[in-house]
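Colleague: I have a structure here, written as structure tokens, and I will follow up with some questions on it.
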Amino acid sequence: LLNANKINCLRVNTFQGLHNLKLLSLYDNKLQTISKGLFAPLRSIQTLHLAQNPFVCDCHLKWLADYLQDNPIETSGARCSNPRRLANKRISQIKSKKFRCSGSEDYRSKFTGKCFMDLVCPEKCRCEGTIVDCSNQKLTRLPSHLPEYTTDLRLNDNDISVLEAIGLFKKLPNLRKINLSNNKIKEIREGAFDGASAVQELILTENQLESVHGRMFRGLTGLKTLMLRSNSISCINNDTFAGLSSVRLLSLYDNHISTITPGAFSTLVSLSTINLLANSFNCNCHLAWLGKWLRKKRIVSGNPRCLKPFFLKDIPIQDVDVQDFTCDGNDESSCLLSPPCPSQCTCVDSVVRCSNKGLRILPKGIPKDVTELYLEGNHLTAVPKGLSTFRHLTLIDLSNNSISVLANYTFSNMTQLSTLILSYNRLRCIPVHAFNGLRSLRVLTLHGNDISSVPEGSFNDLVSLSHLALGTNPLHCDCNLRWLSEWVKAGYKEPGIARCGGPDAMVDRLLLTTPTHHFQCKEPVDISVVSKCNPCLSNPCKNNGTCNNDPVEFYQCTCPFGFKGRDCSVPINSCIQNPCQNGGTCHLTEANKDGFSCSCLLGYEGERCEINPDDCEDNDCENNSTCVDGINNYVCLCPPNYTGELCDEVINHCVPDLNPCQHESKCLPLDKGTRCECLPGYSGKHCEIDDDDCVGHKCRHGAVCVDAVNGYTCVCPQGFSGLFCETPPPMVLLQTSPCDNYECQNGAQCIVAHSEPVCRCLAGFAGQKCEKLITVNFVGKDSYVELPSAKIRPQANISLQVATDKDNGILLYKGDNDPLALELYQGHVRLIYDTLNSPPTTVYSVETVNDGQFHSVELVMLNQTLNLVVDKGTPKSLGKLQKQSSVSLNTPLYIGGIPTSTGLSSLRQGADKTPNGFHGCIHDVRINNELQDFKDLPQQSLGVLPGCKSCNICKHGICRSLEKTSVICECHPGWMGPLCDQEMGDPCLNHKCLHGKCMVANVAYTCKCMEGYTGTYCDKKSNSSNPCRILKCNHGQCKISEHGEPYCECDPNYSGEHCDRENLCQGEIIREVVRKQQGYTSCATASKVPRLECRGGCSNGQCCVPLRSKRRKYFFQCVDGSTFTEELERHVECGCSKCL
């Protein structure tokens, strides 16, 4: 919806790509036309609103009528505003033939698709095609707004007298012809034709031009026809046609030309036709060159004829003999120079205007008979002395300059001067004889200066003065100015504008109306007022300089040795006072205005090195760190948990140097600090406290409790035994002990309780005689336990307790027509039903169970529903099953894993696409509340251990689970053997290397053979014809190619023929698709993800590793049609750093 805006133009590609747009509203805007093709991309458009726009229904809008008739989607009733014949008619109902362009309409809106609408035809003008006809309209100046498409401009038969330089033709790049005939043009200003380089024909016939010079036609570089006939031109000189090298036809017919300066046509190199007829040529010696030129050049001239002298009248100039072009002494060329005028000024009769030219001195060449001289708006600092030579002056305008002083008798020779304008200067003092001799002066303007006092007698010679302007001056109206108040009151020469600026009692009072008795001297005059006429009173000379009043410079200082300047304030050696700050070095420099320049230390700038630029304006500090400006640098103050020069590194408090966690506890980095996960037996923030496990101990019979890590030991008194010394010494009984004939199984101990034998079961066993195995530990990769299917009914309750620290693994599996699985997935319990379908029915637990503690898991099957309960929490239900469950069929129930032969694709999660086995303990499995015994089951795989304790068979090593076998020992350094119980000696002891050196390689050794020997034990002589003998590989090994040629196979980070060139550390961008497993479906990024792989070598034992990385979100698409977005970390910078 774009309605009710001010849109007046739409580019043709405005709606590019909006293929699905169905409604477009441009209602109530300023559109006059729409370009064809604007709606082409809108393939789905159904509704269009175009009403309330001022559409001009010309030929450019014809396509819209056709479009709306073929696609009746415009429902707002768009209508035409123009032309008048189609006004208020609905566009969709007008026949296409009605849409036509008349006159210049076609050109004006030709480029509307590029948002260019040309100007309308000017008022009083007629436009037809590209012709703009403004003739016979009594115009007095050139029209300022013309259409850009104009090629022919007709301005003939008007009243234009001056062609001003208004830049009109810079806006008309297509203009080719200008007709200015039959006007009143007397003057063509320089630059009037700037921008008219494409104009080929200029018609200036029937005007009043008296002189022509090349500057008039500047800009007409492409002009071919110049018509100057029927003007008043009297002279053609060398610069008349300068710059018109393209002119072919020149007409000077019917002018007043009597002579032509030699070489006047030399710049017209393209000239082919010239019309010089109907002129009053004086064929004297000054015109002799023209006859010769006309005979030599093959140019059509019309045979111009002589008017003078009489004996040559009507004879063609080119037919006159050279000796007949004579002068009698009184003949002068009509091209003699006019009275001189300075180039900065304009001279008309005796009026000279040199205003606003930036003059600092009086220009040379001012006519001696000048009567009015305008010098306002320049940079004069004093009244020019040369003015005294112009005795005919009646007016001088020196306003808006910088004149600060007047000398006595400055105007004494200007006896005819009637108007003197000195307003808006810097005059501070009026000398008593400054205006002597101006007896004809009638107007004196001193307005807008800094005058405070006027000496009595200053106006004695101004006997004709009728108007005095003293306004906007800080007049000090004390007794010394009383005379002036009386003088202006006597003749009312001052119009009542001048006001007093002091003393305080007289401020703002009018000089004309304030009674004269108020002009009193009651207090000392301020030095700032007195020094205006005696500047030395203010001691302007510094450094003990001597002050002297000067009528021109106001004052002059005689400086002592070592100083110079107007006020003696500049040292001759500018570096003496060490003006450079902050350690900068001073250099004497005459070109500098101060006489010195400073070379600044790094981090400082300015003329005197006084500026320390803020280096923090463009800083790279990250993570909201604070930038502190320094000298030519800056420092980033990092917030907590960040470090690095730019605070771009997150502090890892868990590195060895910073790890606060003690007693081998696990350090976990957090956003703010760390968290320590203590080993059993330790506590405290940093696991620094060794818990006293003897608190609340169970040692009996006076046994001593000895604290240990995560436990304690009871030291029994003599004769007592047992874990807690609870077993008293054997007693000699007359009768037989109840335990004598009581057989406790699975290593259980028989004790007597209340005269009855009781079996104390080991962990993982239960029953009256500890005959049942209720807890098993799954340590093998493919371990599992199989329970008979006969124990499961259609309505069943299966519960078990699970302890693990792994994320994934199978807890339970029942394989039927609609298989059922209970598995550990990313720390949560996941219930899967009907795993053969894709996707299967799934529900997840909210609770996580991978913290190493026991958690209860319960599966309830009732009335065709399946419910999952974890840790007695809220049940998670699969809802009503779609079909009758077949879990009661005669198929086994697997605990902790499944056989590898089952081949269940829906449970395949590992990297090798096989199901993850369960690692951890399963305890107290009950089916319909019946405790299951794992001891004598028919099927039980390897890697299932009784009880729930970690593997401890490896004496000096770590237990690792294998794929097929149960466990294997990974030995600590220095130990070997199946159970890591054999101390490993030096492998090279008693080595068998015959002609070589023994090299330790893990638990074995290899032999590095001497030159000329080979074999495992360096016991064989090498072949003398071995090609590798002649090739040296500095950092690599020599190999022999299929063709028997040796070559070097270089070590990592080296290259070159001899592996002698170390590859510099740099990053190589590799783009590849990232794949992830999302549940049971495979997903991949929609586009290749760039990855930076660090390659190359580093010195000083460092490694080429990633230095910086960033996280960015990427879009994943899955094979089942689902999508998601996930952040991936990618390296962005490689460099040399500490090897990990």
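We number each residue from 1, going along the chain as drawn.
Keep in mind that glycine also has a Cβ here, set from the backbone N, Cα and C atoms.
Sharing the feature lines straight out of TrEMBL:
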type	residues	note
DISULFID	C559-C568	disulfide bond
DISULFID	C600-C609	disulfide bond
DISULFID	C638-C647	disulfide bond
DISULFID	C678-C687	disulfide bond
DISULFID	C716-C725	disulfide bond
DISULFID	C761-C770	disulfide bond
DISULFID	C921-C948	disulfide bond
DISULFID	C988-C998	disulfide bond
DISULFID	C1009-C1018	disulfide bond
DISULFID	C1028-C1038	disulfide bond
DISULFID	C1050-C1059	disulfide bond
DOMAIN	534-569	domain 'EGF-like'
DOMAIN	571-610	domain 'EGF-like'
DOMAIN	612-648	domain 'EGF-like'
DOMAIN	650-688	domain 'EGF-like'
DOMAIN	690-726	domain 'EGF-like'
DOMAIN	735-771	domain 'EGF-like'
DOMAIN	774-948	domain 'Laminin G'
DOMAIN	984-1019	domain 'EGF-like'
DOMAIN	1024-1060	domain 'EGF-like'
DOMAIN	1065-1140	domain 'CTCK'
Colleague: Grab the same-chain neighbours of the domain 'EGF-like' (1024-1060) for me: Cβ-Cβ under 8 Å, and only residues 6 or more beyond its ends, written as numbers and ranges.
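Modeller: Same-chain contacts beyond the ends: 1095-1097, 1104.
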Colleague: Where DSSP helix means H, G or I and strand means E or B, what are the helix, strand and coil counts for the domain 'EGF-like' (612-648)?
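Modeller: When I sort the residues of the domain 'EGF-like' (612-648) into the three classes, I find 4 helix, 10 strand, 23 coil.
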Colleague: Six or more residues out from either end of the domain 'EGF-like' (984-1019), which same-chain residues have a Cβ under 8 Å from its Cβ atoms?
Modeller: 974-976
Colleague: Where C678 (disulfide bond) and C1018 (disulfide bond) are concerned, what is their Cα separation in Å, rounded?
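Modeller: Per the Cα atoms, C678 (disulfide bond) and C1018 (disulfide bond) stand 53 Å apart.
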Colleague: Any idea which of the disulfide-bonded residues C609, C1028 has the thinnest Cβ neighbourhood at 10 Å?
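Modeller: Each of the disulfide-bonded residues C609, C1028 was scored by Cβ atoms within 10 Å; lowest is C1028.
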Colleague: Would you mind pulling the DSSP three-state label for C921 (disulfide bond)?
Modeller: strand
Colleague: Just the number: how many Å between the Cα atoms of C948 (disulfide bond) and C1050 (disulfide bond)?
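Modeller: A Cα-Cα distance of 51 Å.
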Colleague: Among the disulfide-bonded residues C647, C770, C988, C1009, which residue has its Cβ surrounded by the fewest other Cβ atoms within 10 Å?
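Modeller: Among the disulfide-bonded residues C647, C770, C988, C1009, the sparsest Cβ neighbourhood within 10 Å belongs to C988.
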Colleague: I'd like the Cβ neighbour count for C678 (disulfide bond), meaning other Cβ atoms within 10 Å of its Cβ, all protein chains included.
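Modeller: Around C678 (disulfide bond), other Cβ atoms within 10 Å: 21.
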Colleague: Just checking: which of C559, C568, C609, C988, C1028, C1050 have a Cα that is within 10 Å of the Cα of C1009 (disulfide bond), counting only these disulfide-bonded residues?
Modeller: none
Colleague: Which residues of the same chain, at least 6 past either end of the domain 'EGF-like' (534-569), have a Cβ under 8 Å from a Cβ in it?
Modeller: 382, 404-405, 407-408, 428, 431, 527-528, 576
Colleague: Sequence gap of 6 or more, C-beta under 8 Å: which same-chain residues meet both conditions with respect to C1018 (disulfide bond)?
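Modeller: Listed in sequence order: C993, L994, H995, G996, C1007, K1008, C1009, M1010.
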Colleague: Could you measure between C600 (disulfide bond) and C568 (disulfide bond) for me? Cα positions, answer in whole angstrom.
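Modeller: Cα-Cα, rounded: 27 Å.
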Colleague: CA-CA, which of the disulfide-bonded residues C647, C921, C988, C1038 lies nearest C761 (disulfide bond)?
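Modeller: Looking at Cα distances from C761 (disulfide bond), the smallest one goes to C921.
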Colleague: In three-state terms from DSSP, label C761 (disulfide bond) for me.
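Modeller: Note: C761 (disulfide bond) is coil by DSSP, not helix or strand.
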